[in-house]
Structure formats: C-alpha cells, structure tokens
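Participant: The structure that follows is given in the form of structure tokens.
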Amino acid sequence: MPASPARRAAMEVVRRAIEQGAYADRALHGASAGLDARDRALAKRLAFGTVQRRGTLDWVIDRHVQRRLDPEVRAALQLGLYQLLYTEIPRHAAVAESVELAKPNPGAKLVNAVLRKVLREGAALPGDDNPKDAAVHHAHPEWLVLLWWDWLGADETRALLAADNEPAELALRINPLAGVEVDLPGRREDDALVVQGPIDVLAHPLYRAGAITPQSRASQRVARILDPQPGERILDLCAAPGGKTTHLAALMGDRGEIVAVERHARRAEALRVQAQRMHATSVKIHVADAREVTPQALGGTFDRVLVDPPCSGLGTLSSHPDLRWRASPEGIEQLRAEQEDIVAAARGALAPGGRLVFSTCTLSPREEIVGGVAVRTLPHRDGTDGFYIAVDG
Ligand SMILES: C[S@@+](CC[C@H](N)C(=O)[O-])C[C@H]1O[C@@H](n2cnc3c(N)ncnc32)[C@H](O)[C@@H]1O
C-alpha cells in the first residue's frame with residue numbers, strides 16, 4: 001500500500017523546509033496543489049508540526065540511531081515520530097505510512113524499528129528545568145531559550161515556549177470602511193473579532209468585500225497607539241502588506257493622507273491590492289528604502305509616523321513553524337542596525353510635536369530600540385502574538 005497523498009505532500013514540505021531552507025508555507029502551497037481540502041489540511045498539520053518540533057524529533061532520533069541517515073529516511077522518521085508523540089493519529093497508520101515514505105531506501109527498515117521501539121518504550125524526553133533541557137522539551141533553539149531565560153526569567157520562558165507550540169488564535173479586524181455588517185460568531189474586542197470554529201477567511205465573501213481581514217489582536221493595537229486623526233498626514237514606513245496601513249485609514253475614516261513606504265516592488269503591489277480591497281483611498285504608495293526617505297521627497301513633514309520595520313518575528317512562532325530555526329543572534333544584530341537607520345529617517349520626517357510609534361512582532365531585547373511609553377504583549381499571557389510597541393520620546 002503506497003503512502004497517502006497527504007503524507008507524501010507533508011514529506012515534500014518537510015524535506016524542502018529542512019534540507020533546502022524553504023519557507024514551510026510556500027513549500028506547502030506547491031506540494032499540496034491537487035489535494036482536496038481535507039488532505040491539504042492533514043498535509044499542513046503534519047508538515048508544520050514536524051518542522052516546528054524538529055529539534056525534539058532529532059534529539060529522539062539521535063538517541064536511537066548512531067549512523068548518518070539519508071535525508072529521506074530522517075524525514076520519514078521525523079514525520080512518524082511527530083505523529084506518535086504529538087497527535088492522536090492511529091499508531092498503526094503513523095508507523096506503516098512512515099515506512100512507506102522512506103521506501104525504496106533500505107533505511108525503511110530502520111524507520112520501522114525506531115518507531116516501534118518508541119511506541120513500546122516512549123521517548124523519555126527531558127523536563128524543562130534548565131535552558132538546555134527546555135530547548136529539547138519545547139523544540140526551540142538553545143540560544144533563544146538562553147536569551148529569554150536571562151531576560152524574562154525561567155517561569156515566563158517556560159510558559160512562552162509552551163505557548164509557541166499551541167495553535168494561534170484566529171483574529172480578524174472588522175473594517176468599517178466597507179459599510180457591511182459582519183455577523184460572524186466570535187468574541188469582539190475593539191475592532192477585533194476572535195473567531196470561533198473553522199473559517200476559510202480568504203475565500204469568505206466578507207473578505208472579498210473588504211469587511212474583514214486577518215490580523216492578530218496585538219498587531220491591531222499598533223495603529224490605535226499611533227492614534228491618527230481624520231485629516232492628518234501620516235507616514236507608514238515599511239508598510240506592506242498593509243495590515244496596519246489599512247487600519248490607520250479606517251481609524252481616520254479614510255480622511256487625510258497616508259504615505260505608505262515599501263522597499264520591495266512586489267510587496268508594494270500586494271499593499272496596493274489590499275488598500276483597494278479595504279476601501280482605503282487615502283493611501284499613497286511610495287516604493288523606496290525607508291532608510292533614505294526625506295520630508296522633501298515626500299511633500300513635507302508628517303503629523304504621525306509609524307515604523308514597523310523588518311524584525312526577527314519571534315513573537316509569532318506559533319504561526320510560523322520554521323521561523324525559530326531560521327532566526328539567529330547574527331540576524332538580530334543585522335535587523336537592529338537596519339531598524340536604527342529607519343528610525344533615524346522617521347524622526348527626520350516627523351513634524352515638531354508629532355507622534356512616532358515603533359513596533360515589532362518580536363520578543364528580543366536588542367530590537368527594542370525605541371524607549372518611551374511601551375507595550376509588550378506575550379503569547380502565553382495575552383493569547384496573541386508577542387509585540388513590542390513604543391511611543392518615541
Ligand atoms: C514587518 S513588515 C511590515 C508589516 C506591515 N506594516 C503590516 O502591518 O502589514 C516589514 C516590511 O518592510 C519591508 N522593508 C524591509 N526593509 C525595508 C526598507 N529598508 N525600506 C522599506 N521597506 C522595507 C519589507 O519588505 C516588509 O514588507
């Protein structure tokens with residue numbers, strides 16, 4: 001019996017993400033073309049879970065196998081172990097399908113032997129009493145656990161690590177500019193609706209009408225903290241795909257001017273499409289490097305400036321399964337340098353007495369480069385993405 005199409009797709013995603021460093025969501029897009037909705041959902045669950053837990057899965061594999069493994073054998077073992085350790089999928093199917101995935105490689109026998117041994121004896125994972133063990137237990141890189149342990153303390157870190165492995169809540173932002181009533185079931189909080197039950201947001205008529213858009217509750221706090229007023233001139237540096245830009249437009253009743261700067265032309269196009277869908281006609285898109293913008297080039301100074309620069313994204317690990325393995329201390333330093341340059345340009349574009357807000361979707365002290373009044377959200381405490389939002393000055 002060959003492996004099921006969903007598991008073959010999951011295997012392709014796992015291999016592309018782990019061996020080639022591909023983004024899991026993009027790899028899934030290609031691998032799941034042609035699958036029906038149920039199989040696509042299963043492929044996603046298995047692939048994303050396996051990529052997210054790979055540190056723990058490799059720890060288990062290394063305890064059972066001393067020799068080098070061919071990539072397809074390791075991937076089949078990772079997928080099988082993920083199912084055995086973290087899902088309710090019937091054990092027999094998890095083992096048999098993983099063995100099929102490894103074939104015709106002779107290592108398929110090893111996959112069978114290791115999975116059966118773990119089934120009999122369990123995985124004996126370490127606890128989370130110290131950073132090294134916690135990194136294995138909660139499947140995070142050790143450097144990141146050490147960083148959080150020093151910064152937030154042991155208890156907060158353990159709770160955060162656990163929250164990163166739970167599914168993220170689905171929050172929508174309701175857009176009054178669409179003038180359409182939104183009657184979806186869920187919990188309201190300001191403009192946010194935390195949805196109950198499954199919903200295919202991007203295929204929903206309310207999405208097409210621009211009445212809803214997915215945006216985490218933490219992300220929705222940013223535009224409110226900038227507090228734009230109707231008729232003002234607002235500068236949004238690093239704007240695509242426009243979640244916050246279109247929120248600013250909504251808070252201003254689409255009256256005034258929002259100059260939205262984005263460096264990458266393709267992302268700027270996504271921003272244009274989003275602004276149009278969300279009825280935000282006050283948005284003017286400017287393709288440029290935010291580090292180099294000047295008030296002269298942008299028609300004068302601004303009442304308020306939002307800086308939402310590229311960051312390490314460590315507040316969003318539950319919805320980005322591969323991000324924790326992609327991030328690095330060196331990458332954080334590079335991001336910090338770019339953030340500092342963007343903030344300097346932002347300060348130069350702000351009118352006297354204006355308000356500058358800096359936000360990142362990360363939990364990383366080196367990226368908190370603006371002080372002042374600040375809000376930090378934590379996934380385990382607030383049930384939403386981890387964000388840092390600060391008012392400059
Ligand atoms: C964190 S995302 C912004 C998210 C956006 N504000 C939203 O709410 O949807 C950062 C964006 O900045 C863009 N970017 C990165 N470096 C930039 C630069 N130097 N100048 C302008 N845009 C930049 C990236 O392409 C990306 O679209």
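Here the Cβ of each residue, glycine as well, is placed from N, Cα and C on the backbone.
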Participant: Can you match one of Glu232, Glu257, Glu262 to the S-adenosyl-L-methionine site that TrEMBL gives for Cys238, Ala239, Ala240, Pro241, Gly242, Gly243, Lys244, Asp289, Asp308?
Facilitator: Glu262
Participant: For Gly242 (S-adenosyl-L-methionine binding site), what is the secondary structure state per DSSP, taken as helix, strand or coil?
Facilitator: coil
Participant: Return the single residue from the recorded positions list (Ala240, Gly242, Asp289, Cys361) that has the minimum number of other CB atoms within 10 Å.
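Facilitator: Looking at the recorded positions Ala240, Gly242, Asp289, Cys361, the Cβ with the fewest others within 10 Å is that of Asp289.
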Participant: In whole Å, how far does the CA atom of Cys361 (active site, nucleophile) lie from that of Cys238 (S-adenosyl-L-methionine binding site)?
Facilitator: 13
Participant: With S-adenosyl-L-methionine as the bound species and Cys238, Ala239, Ala240, Pro241, Gly242, Gly243, Lys244, Glu262, Asp289, Asp308 as its recorded binding residues, calculate the greatest Cα-Cα distance and give it in Å as a whole number.
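Facilitator: Largest Cα to Cα distance for the S-adenosyl-L-methionine-binding set is 19 Å.
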Participant: Taking the Cβ of Cys238 (S-adenosyl-L-methionine binding site) as the centre, how many other Cβ atoms fall within a 10 Å radius?
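Facilitator: Other Cβ atoms found within 10 Å: 22.
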